[in-house]
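Taken from Swiss-Prot as is:
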ACT_SITE  189  active site, nucleophile
BINDING   151, 178, 189, 267, 397, 402  substrate binding site
């Protein structure tokens with residue numbers, strides 16, 4: 001899948017030397033800190049017209065291409081909170097700055113949780129102070145950070161890789177993320193913080209991050225709702241070799257791994273699935289078809305019900321806007337242990353009484369399923385990620401205050 005060797009390692013954001021992290025939680029509220037003083041940075045933010053106050057603040061903070069700290073809280077989104085909400089976001093930055101002897105203009109702020117309620121700022125400031133006293137460069141510190149920013153997540157999400165740049169120098173990327181519900185392009189209800197040691201300017205990091213986000217988080221659909229607080233930030237110590245194509249490929253791999261974790265952790269999820277659209281006429285066609293299939297409520301419910309309903313898959317491809325000949329489409333279902341072609345160049349193979357249908361039904365009982373759709377229209381491909389739509393999803397969101 002990748003043109004170079006990637007070694008997955010432990011450590012999350014702290015896999016990069018010099019990066020400090022910490023996380024504290026008290027009840028439903030948590031605070032995570034990442035310290036990377038004077039780092040080169042770039043970010044991608046939600047495209048929702050309703051934007052949370054920390055998103056607005058961090059856009060300004062990161063505009064000069066450098067940050068020293070990231071503070072993120074869970075339990076309150078600080079969105080639709082007006083001037084008071086912006087004051088609260090600034091107080092978070094100020095508390096970090098005071099605790100760590102830096103300027104508040106160097107502090108990026110992120111929030112996730114309930115929309116439309118004032119931040120319990122005194123509690124958040126207390127948690128910031130507590131986290132600041134626990135900062136260290138360790139696997140445990142990154143893990144505490146990942147846990148502190150969880151909301152409806154059921155497990156913390158971290159990944160780190162080591163790889164060689166084209167010069168032969170070793171480089172690293174580490175990351176944490178949160179996200180399980182309200183996930184749809186563009187981006188997802190998610191926060192992700194990425195660290196690296198590659199030598200790159202802010203504009204170079206921005207370009208690489210946008211490509212990686214587009215090929216990963218923007219191809220992830222849990223429930224089709226787009227958040228007000230989405231944020232992906234990358235910061236670099238610039239202590240390794242120059243940015244190159246190997247770094248860009250590794251960054252895509254890291255973001256895709258986080259996206260897969262989020263798909264597995266969608267609210268109420270019992271199964272996750274990957275949609276690979278191959279042999280499309282254009283890359284955009286491949287992406288449109290993959291997104292449509294991964295986002296289809298009918299496909300999601302078929303996954304939940306272990307129903308190999310190929311009709312829902314081809315219907316979603318058909319309304320996606322991708323150009324292809326329906327009489328040439330092929331569909332394959334795969335699990336870790338077996339694979340079956342259910343539609344072959346427009347011919348239905350999986351119908352009542354066939355071995356193909358029996359195999360397809362077994363595949364659909366797997367916890368992780370791969371759907372391969374061959375459009376037979378070119379040589380472009382794309383991958384999207386999704387999860388099933390369950391009774392528990394409805395229950396969780398019926399009981400959760402927006």
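Note: Cβ is positioned from N, Cα and C throughout, glycine not excepted.
This view paints the features noted in Swiss-Prot onto the structure.
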| residue | record | Cβ within 10 Å |
| --- | --- | --- |
| 151 | substrate binding site | 22 |
| 178 | substrate binding site | 29 |
| 267 | substrate binding site | 25 |
| 397 | substrate binding site | 16 |
Using DSSP reduced to three states, classify residue 178 (substrate binding site) as helix, strand or coil.
-> strand
